[in-house]
């Protein structure tokens, strides 16, 4: 006999048992993921809080790496740090960003109504810190009432609505960089965009950026991590984390000048490009997807380029040549950047061009 339900998320029976129809199945940790080399293990933080740790494959055992504390989604009533979807998502992120991730298993409603999940998450964050050296298009009222029935103010409680009267000022956010990601078809898109705008207008002194992915819905990168947009978002998150780590390591360096959020120049002459994506090597063999081969050449001591050649069946065929100059307002970007490499690969494959992509200082 059903006592209450919030379909398709949760069904509660009169005998007290809870069914979560759309939950992803739990999977065990992996000593070493065969595709990425990421290892994972489960730990207990308190008697009722656990977590899954993810460690990237590293060659230097003395290397210090940043720590990412990850809280899974699910409206406070579904999801798990131990689910198949979360393990796949976090493993990919750890592999690319080279961070130690702590994926927190907090208590869920209705067995444990809010603020239990907030309390667990805060306790987990404190535990991690103790071990380190340094309005919307979706009606949230039914979910909020289900997971926190005793919340004062209902949906306008500051725990769920940072725009509510009496909510703490966003100017006091305790970090220096913030990345807000939304997707075009997500019903929560407007809420995320509004949060980004509110942070910018709050007087917060950090750097905040908004990434919007066109044509996608809620949590698309979790459900479809192998899609092109899913891969690109994981790369963007990894890039944000890596640049954050570099910035943390550079905290004691004195800034000479900066053009935020593009670059920062230090008095020692070093330059940090905050939005740059990782560079990758050329495909000396044919790209397995497009058949395009590429190689790097030196044109002069200051100028180099990456050459791309399509897969041809007639070796005597003459090809047009395109000389491509990447964007970046002359101060960021690279002929060797991941996104540029993928773009040129696709262009050369479809247009059957011989293409030279130059890189200058």
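Using the three backbone atoms N, Cα and C, a Cβ is placed for every residue, glycine included.
Unlike curated entries, TrEMBL annotations are predicted automatically.
Copied from TrEMBL, the annotated features are:
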DOMAIN    68-141  domain 'Alpha/beta hydrolase fold-3'
DOMAIN    143-221  domain 'Alpha/beta hydrolase fold-3'
REGION    20-41  region 'Disordered'
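Residues 7-11, 52-57, 77-80, 82-87, 91-92, 94-95 of the same chain lie 6+ residues outside the region 'Disordered' (20-41) yet bring a C-beta within less than 8 angstroms of a C-beta in it. Residue counts for the region 'Disordered' (20-41) under DSSP, split into helix (H, G, I), strand (E, B) and coil, are 0 helix, 4 strand, 18 coil. Sorting each residue of the domain 'Alpha/beta hydrolase fold-3' (68-141) by its DSSP state yields 30 helix, 11 strand, 33 coil. For the domain 'Alpha/beta hydrolase fold-3' (143-221), residue counts in helix, strand and coil come to 26 helix, 14 strand, 39 coil, using DSSP. The average pLDDT for the domain 'Alpha/beta hydrolase fold-3' (143-221) in the predicted structure is 87.
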